[in-house]
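Below, the features straight out of Swiss-Prot:
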- 1-18: signal peptide (SIGNAL)
- 19-127: domain 'Ig-like C2-type 1' (DOMAIN)
- 19-235: topological domain 'Extracellular' (TOPO_DOM)
- Asn74: N-linked glycosylation site (CARBOHYD)
- 135-224: domain 'Ig-like C2-type 2' (DOMAIN)
- Asn197: N-linked glycosylation site (CARBOHYD)
- 257-373: topological domain 'Cytoplasmic' (TOPO_DOM)
- 264-281: compositional bias 'Basic and acidic residues' (COMPBIAS)
- 264-373: region 'Disordered' (REGION)
- 355-373: compositional bias 'Polar residues' (COMPBIAS)
Amino acid sequence: MSLLLLLLLVSYYVGTLGTHTEIKRVAEEKVTLPCHHQLGLPEKDTLDIEWLLTDNEGNQKVVITYSSRHVYNNLTEEQKGRVAFASNFLAGDASLQIEPLKPSDEGRYTCKVKNSGRYVWSHVILKVLVRPSKPKCELEGELTEGSDLTLQCESSSGTEPIVYYWQRIREKEGEDERLPPKSRIDYNHPGRVLLQNLTMSYSGLYQCTAGNEAGKESCVVRVTVQYVQSIGMVAGAVTGIVAGALLIFLLVWLLIRRKDKERYEEEERPNEIREDAEAPKARLVKPSSSSSGSRSSRSGSSSTRSTANSASRSQRTLSTDAAPQPGLATQAYSLVGPEVRGSEPKKVHHANLTKAETTPSMIPSQSRAFQTV
């Protein structure tokens, strides 16, 4: 009798035992959290249904409720408009539907059904999985023969753990999809693969795939190994081009400088004074009239004082040594020419004086003395 009573109590308070379920779903999908009961009595208003969420930080909040024949499903801003009863909750199916899923929906859900003093509890653990974001493929190192190259691949978001896998993409028939034999995987950073001692056979497309329980994403990178000799040739060609350009520029600059120098010398040549140039020669001019003779005399006397002094001394010598004959006019000659500084007056010899005395007898008396111009 006591055993039968115990069984009745257990069946009456079945909700105190409850059930536990774990569900995993991918973000942006739809999920249904199960909750079933046999307490529905449509003719009575004592049925209450309530879903609670306890997040990973231990905070609890009400998701949806049914009470007094009304459904309340806009109780939280995070899940507003995304939660509802999946079926006829009055007939015994109080399952909860969430669409679309978000990472913030993850946690422990509790379904509590109460009617006329009877309770049913149901617990569901929901895990929301996030697909890996599209990874980024990068190369680190030199793409030359004999060098080492590191392939890097990483996703910025996604549910851990994320598994990375590198492989070659077959571009030609017969190519191997496996990594080269001299390749090493960094287990501390699974997205890194080291290719050692590169050769031309390492060239090609490499694909990295990042995956987890929710799905996978991939990226592709091309590896092109270059000859060391070809790089040296390119560097030499660039150096030669630069040197040639500099040489051409230097030649043009020198030509311009030379032309400027020649132009400057041509402009300065007329202004130069030569020290070895000959002085202008003196010439004797016979004046046509007395006025022109006087002007020439004044001009000659003012420009060549030293020559006039020399002529006066010569006249004094003639007057003392030989007196002029009466009736004959003596002629005095003056030198015409530029004044020469520092030059000594020429000496008059006795023979010249005698010749000077006899010369006037052959010239008419009306002739005048020649003056310098």
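Cβ atoms here come from the backbone N, Cα and C positions, even for glycine.
Neighbours and distances for these, please.
Taken together, the residues of the domain 'Ig-like C2-type 1' (19-127) have an average pLDDT of 90.
In the three-state DSSP scheme, Asn74 (N-linked glycosylation site) falls into the coil class.
DSSP assigns Asn197 (N-linked glycosylation site) to coil in the three-state reduction, placing it in neither a helix nor a strand. Here the Cβ of Asn197 (N-linked glycosylation site) has 12 other Cβ atoms within 10 Å, regardless of which shown protein chain they belong to.
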Near Asn74 (N-linked glycosylation site), which residues of its chain come within a Cβ-Cβ distance under 8 Å, counting only those 6 or more away in sequence?
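Looking at Cβ-Cβ distances below 8 Å from Asn74 (N-linked glycosylation site), excluding near sequence neighbours, one finds Lys80, Gly81.
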